[in-house]
Each structure stands twice: as structure tokens, then as C-alpha cells.
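Asks: For reference, the structure I am asking about is given below.
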Amino acid sequence: MLKQVIGMEVLGVVYFFFLLMLQDAVVRAQLPSPSQSTGFCESFVSPTIYKCTEEVVQTEDGYLLAVQRISTTNPLTVAKGPAFLYHGIMEGGETWVLNPSNGSLAFMMANSGYEVWIGNTRSSNYTFGHLKYTRNDKEFWDWTWDNLVKTDLPAMLQHVYDSSKEQINYVGYSQGTMTALATFSEGPTVNLVSKAALLSPIASLGHISSPIASAASYLFVDEILLLAGVAEFNAYSDTGKKFMDITCTSSEVDCRHEFMSQITGTNCCFNASRKSFYDRYSIQSTSMRNLAQMAQMVRSGRFSMYDHGFWNNLKKYNSFFPPEYDVSAIPATLPILLAHGGNDSLADPDDVADLIQKLQGTPQVIYLPQYAHADFVMGTNASADVYTPIISFFQA
């Protein structure tokens with residue numbers, strides 16, 4: 001009888017380990033193979049000039065983020081280590097490669113010898129999706145900006161560091177600056193970074209002057225759409241139309257004229273002849289809750305975590321109000337460059353001034369009075385005004 005019991009226990013242990021191996025095999029089968037492609041390299045990178053590969057970074061909540069890795073094929077170029085570029089809201093990593101090679105930061109940095117890694121958020125067009133959900137599932141869109149801060153960016157930077165064994169030169173634009181500042185304030189991820197260059201930096205939205213963003217926030221359009229069950233926000237969808245229908249009721253918004261300047265400010269150097277090309281890639285879907293968190297920060301003036309409402313905040317944060325990300329906790333030893341514009345209605349100069357005061361260290365500042373928000377990635381002069389100084393900052 002004892003032998004039978006022992007035998008059954010051994011069989012149970014063997015069966016348990018078999019199930020674990022089977023589960024692991026299923027998960028690995030769902031992961032993109034190393035040779036699988038989102039089409040990014042084929043669409044944007046010349047194979048005769050640059051080497052481009054794609055790698056997958058799995059987050060703890062099952063998203064499969066694509067990270068593109070670009071380097072020059074010129075054997076005479078001196079290697080200068082890794083650089084990581086992170087885009088803004090409703091965009092993807094192609095933000096950094098949409099212009100010719102002498103006007104795109106990713107290519108300019110690769111030409112200078114950097115191994116360029118391009119990050120993508122979980123909703124970008126050129127990424128690998130989710131282990132369980134498709135983009136048609138509401139669950140795919142059930143995330144906030146806090147998930148980018150606490151999960152996505154740390155995972156991608158850790159992947160780059162593990163691959164290169166070197167500290168990383170970081171470049172962020174718009175929400176890519178917000179995410180970096182919040183992540184760096186939270187702890188260990190900042191130790192993976194050598195220097196950080198932040199374009200149109202945002203650490204609060206209290207002085208935002210964008211008519212559309214301001215009107216939409218104070219009309220609580222985000223809350224209306226969330227109550228209507230909207231999970232994915234796409235500017236070209238019926239949801240986008242509803243968004244504009246409500247926002248256009250504000251006297252601050254002139255819906256008869258061009259929208260871009262009412263969001264970004266009047267761009268001095270935007271290449272209007274390429275607008276349709278930029279629009280094809282630069283206006284992508286995002287989570288409705290991500291957008292809602294931006295609206296919450298406009299209304300509160302605080303650089304804070306997602307506001308779930310008083311009672312849910314109490315359960316989640318032990319406070320009626322969501323905690324703020326404390327940028328003063330970013331080590332003074334981290335060299336930071338801030339590039340901002342006088343006409344930027346999203347990264348308002350007053351908000352940037354507040355950020356500079358809060359930082360422990362003294363950042364290097366590039367102030368371009370004529371620049372608005374889009375000029376930093378789509379401006380005809382950005383390579384000379386912004387990108388060349390960034391490369392000099394990293395090399396100093």
C-alpha cells in the first residue's frame with residue numbers, strides 16, 4: 001500500500017512538471033520568432049546603408065513590444081554605444097525615421113556610431129501585440145499612462161542594457177519625456193541611463209494653452225467617452241468624430257480652420273508638403289484611459305498617477321487623491337538636456353520653467369522661441385537646431 005501511495009505521488013510530481021513544460025511551450029509558441037517582422041525595417045530603413053533588426057520585449061502583463069535596432073553598415077564608423085529613442089502619444093517608433101537620413105534623428109545617430117534602439121508603446125502600429133488579446137478586444141486597450149511608466153519603459157531599457165552591457169543615451173519626445181521623467185523618479189531604471197535628452201518636455205500640464213486639448217479636458221470629453229464604453233481612441237474613427245463634435249462646442253476652438261496649430265501651437269518649420277505622409281504614421285490609436293490621464297493632469301495641474309475616483313483611489317493608493325511623480329527625486333548626477341519652444345502649446349514654457357526649478361541638477365537647455373510642438377520631430381530645421389546639438393551633448 002505504501003509503495004502504491006509513493007508511486008502515485010511520483011506520478012503526480014511528474015504530471016505537474018509536464019504541465020509546467022507544456023505551459024511554457026505554449027507561451028513560447030505565442031511569442032514572435034526572432035526572424036518575425038512588423039515591417040518596420042522593410043518600410044523605413046535602407047538595407048544598403050543601415051543594419052536594421054527587430055526584437056520583442058514582453059511586459060509582465062503580456063504585451064509584446066517591438067524594439068527596432070539600427071546601426072550603420074560603414075565599417076569605419078567608431079562605435080559610441082546604445083541610444084534609445086521614445087516617441088510621443090498617438091505615435092510609434094517611425095517618428096524617428098520619417099524624414100530623409102540627414103533629417104531623421106535615428107539615422108543621424110547611427111551615422112555617428114550609435115547603436116540606435118527605437119521603442120514602441122503597446123498600441124503603436126509597428127509592434128507585436130499581446131499574448132492573449134487582439135487589437136479588437138477591449139482588454140487590449142485597458143491600460144493607462146502609468147503602465148508605460150512602470151512596465152513598458154523599464155522593460156525596454158532593461159532589454160537594451162542587457163544586450164549592450166552599457167548605459168544608454170535616452171531621447172524622448174512629448175509623452176516620451178513624461179514617461180522618462182516619471183520612470184526616472186521612481187527608482188532603479190534611471191541607473192541604466194547615461195544621459196537624457198528631452199524634446200518638448202512635459203512634467204505638468206497646468207499652463208497648457210492648446211485650445212483643443214484644454215477645451216476637451218474641461219468639457220470632460222474623456223469621461224463622457226469612457227462612460228460610453230470607449231476603450232480605444234482613434235482620431236479618424238467614430239470616436240474621434242464624437243470627440244471633435246463635443247470639443248467644437250467650446251468657443252475657444254475654431255473648428256472651421258486647420259486643427260494642428262490648435263493642438264500643438266503654430267509650428268514655424270513644419271514641412272506642409274509632407275503632411276499627408278506624416279498623418280499616415282503620426283496619428284495612431286491609443287488607450288482611452290491613457291488620453292483620459294492626460295486630461296486629468298490638465299484639470300488638476302498635477303504630474304500624477306491615474307485618478308480612479310475618491311473611493312477607488314483610497315483602495316489603490318491609500319489616499320483620496322492619486323500620488324504625484326516627484327521629478328526632484330531624479331538624481332542630480334544624471335545629465336539632462338531640455339529642448340523646448342516658445343510657441344509650444346502642449347509643453348508650455350511656463351511648465352518647462354517649473355520643471356527646471358524642480359530638478360535637482362541643472363539641465364542644459366535649448367530654447368527655440370519660434371518652435372511649436374511638432375517642429376521638434378517634423379521641422380525642416382530640426383536636424384541643425386536640435387539633433388546636432390543632441391549628438392554633441394551625448395559625445396561631450
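Cβ from N, Cα, C; glycine included.
TrEMBL feature annotations, pasted as is:
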ACT_SITE  SER174  active site, nucleophile
ACT_SITE  ASP344  active site, charge relay system
ACT_SITE  HIS373  active site, charge relay system
DOMAIN    50-99  domain 'Partial AB-hydrolase lipase'
DOMAIN    113-376  domain 'AB hydrolase-1'
SIGNAL    1-29  signal peptide
Asks: Do you know offhand how many angstrom separate SER174 (active site, nucleophile) and HIS373 (active site, charge relay system) by C-alpha?
Replies: 8
Asks: Near the Cβ of the residue listed as 'active site, nucleophile', how many other Cβ atoms are there if near means within 10 Å?
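Replies: Around the residue listed as 'active site, nucleophile', other Cβ atoms within 10 Å: 27.
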Asks: Once near-sequence residues are set aside, which residues in the chain of ASP344 (active site, charge relay system), 6 or more away, have Cβ atoms under 8 Å from its Cβ?
Replies: SER200, THR264, GLY265, TYR371, ALA372, HIS373
Asks: Please list, for the domain 'Partial AB-hydrolase lipase' (50-99), how many residues fall into helix, strand and coil according to DSSP.
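Replies: Computed counts for the domain 'Partial AB-hydrolase lipase' (50-99) are 5 helix, 25 strand, 20 coil.
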Asks: Calculate the per-residue pLDDT averaged over the domain 'AB hydrolase-1' (113-376) and state the result as an integer.
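Replies: Its mean pLDDT is 95.
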Asks: Across all the protein chains here, work out how many other Cβ atoms are within 10 Å of the Cβ of HIS373 (active site, charge relay system).
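Replies: Result for HIS373 (active site, charge relay system): 30 neighbouring Cβ atoms inside 10 Å.
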